[in-house]
Ligand SMILES: [Zn+2]
Ligand SMILES: [Zn+2]
């Protein structure tokens with residue numbers, strides 16, 4: 001007794017097309033003979049799964065099956081079931097499904113043409129370069145189309161010939177157990193063509209390795225991790241296939257004075273305790289190459305930020321500039337001389353609560369707070 005097609009695929013009777021397909025896909029992967037060499041049970045399951053899907057994906061056959069069960073396909077009733085292998089139908093759905101799965105890999109081979117590989121180039125730029133943008137010259141070792149044979153791989157003046165084993169398809173069909181399966185043609189290795197007289201320069205590969213100089217435009221405002229794609233600048237394709245792409249991965253070197261957060265920059269500026277107390281001013285260098293004066297009012301506290309508008313980084317492809325934040329870090333005097341110590345001690349003596357409202361009485365305020373909670 002044949003198992004129920006829906007049960008075979010592990011789906012409900014009313015399952016939609018998508019559910020069927022994904023169930024089939026999963027099971028076909030699991031029981032594929034290539035994954036289970038020599039396992040006859042897996043082979044049997046694989047065949048069952050294929051048969052069930054072949055039937056259920058066709059609305060007409062499915063309707064017949066829903067109505068009559070397996071009997072619908074017996075005694076030559078016109079639906080022509082069970083024709084896997086012989087008819088090659090199964091190999092075709094198999095191709096459908098797995099062709100989709102293998103996607104890119106499969107597309108690479110068309111008449112022996114192969115897309116070139118994508119290349120990655122890591123480039124480090126300074127914050128200044130990210131600020132102004134630049135044109136960088138890079139040297140990329142890459143394979144290029146062989147000029148002698150124009151990428152065909154055949155000796156100049158000759159042409160590759162169509163493979164006689166597969167007729168140029170690159171794949172051959174072979175019977176395996178109950179069904180037939182397609183394999184890469186062993187004669188031409190899937191290229192579909194055979195080069196009788198290989199080009200001497202590239203040994204029949206159709207491409208040669210060379211170092212190439214490329215100029216890359218780094219736009220102003222790029223961020224760490226930006227990826228620039230140069231279409232068609234990757235490795236040359238094989239035998240006339242399209243070139244891959246070149247990806248430039250940019251990283252930005254840490255800066256000595258500026259930290260970056262998006263378009264904004266931060267600069268920690270240490271100032272002396274006396275400047276903080278008395279007020280003062282200083283000049284900072286900014287990425288636009290100018291100096292900007294920053295005024296410090298008297299009584300400036302540690303961590304205070306001053307914003308320099310428009311002195312940050314440009315925003316990529318936008319006429320907008322970030323800001324530069326000056327973060328004040330007050331430096332406590334060290335290595336005091338005897339005289340300095342005397343002065344500070346005297347200063348301490350004549351200080352009042354108003355000189356340091358935050359620290360005056362802090363501990364008694366804290367104690368009171370926690371005693372309050374306790375009650
Ligand atoms: Zn060549
Ligand atoms: Zn072939």
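Note that Cβ sites are derived from N, Cα and C of the backbone, with glycine treated the same way.
Per TrEMBL, these features apply:
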type	residues	note
BINDING	146, 149, 199, 202	Zn(2+) 1 binding site
BINDING	163, 166, 185, 188	Zn(2+) 2 binding site
DOMAIN	4-69	domain 'J'
DOMAIN	133-211	domain 'CR-type'
REPEAT	146-153	repeat 'CXXCXGXG motif'
REPEAT	163-170	repeat 'CXXCXGXG motif'
REPEAT	185-192	repeat 'CXXCXGXG motif'
REPEAT	199-206	repeat 'CXXCXGXG motif'
ZN_FING	133-211	zinc finger
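Long-range contacts of the repeat 'CXXCXGXG motif' (146-153) within the same chain: residues 159-160, 195, 198-202, 204-208, 236-240, each at least 6 residues beyond the stretch ends and with a Cβ under 8 Å from a Cβ of the stretch. For the Zn(2+) 1 site, the Cβ centre of 146, 149, 199, 202 serves as reference, and the other residues of the chain with Cβ at most 8 Å from it are 147, 148, 150, 151, 152, 153, 154, 156, 198, 200, 201, 203, 204, 205, 206, 207, 208. If you take the C-beta of residue 185 (Zn(2+) 2 binding site) and look for same-chain residues 6 or more apart in sequence within under 8 angstroms, you find 163, 165, 166, 169, 170, 171, 172, 192. Taking 146, 166, 185, 188, 199 as the candidate binding-site residues, the subset whose CB lies under 6 angstroms from any atom of ligand 2 consists of 166, 185, 188.
Filtering 163, 188, 202 by Cβ distance to ligand 1 (under 6 A) retains the following binding-site residues: 202. Rounded to a whole number, the C-alpha distance linking residue 199 (Zn(2+) 1 binding site) with residue 188 (Zn(2+) 2 binding site) is 17 angstrom.
Shown are the binding-site residues 146, 149, 166, 188, 199; the one with the most C-beta atoms within 10 angstroms of its own C-beta is 149. Within 10 Å of the C-beta of residue 202 (Zn(2+) 1 binding site) there are 21 other C-beta atoms, taking all protein chains into account. Neighbour count (other Cβ atoms within 10 Å of the Cβ, all protein chains): 21 for residue 163 (Zn(2+) 2 binding site). Here the repeat 'CXXCXGXG motif' (185-192) has a mean pLDDT of 84 out of 100. Reported as a whole number, the C-alpha separation between residue 146 (Zn(2+) 1 binding site) and residue 188 (Zn(2+) 2 binding site) equals 20 Å.
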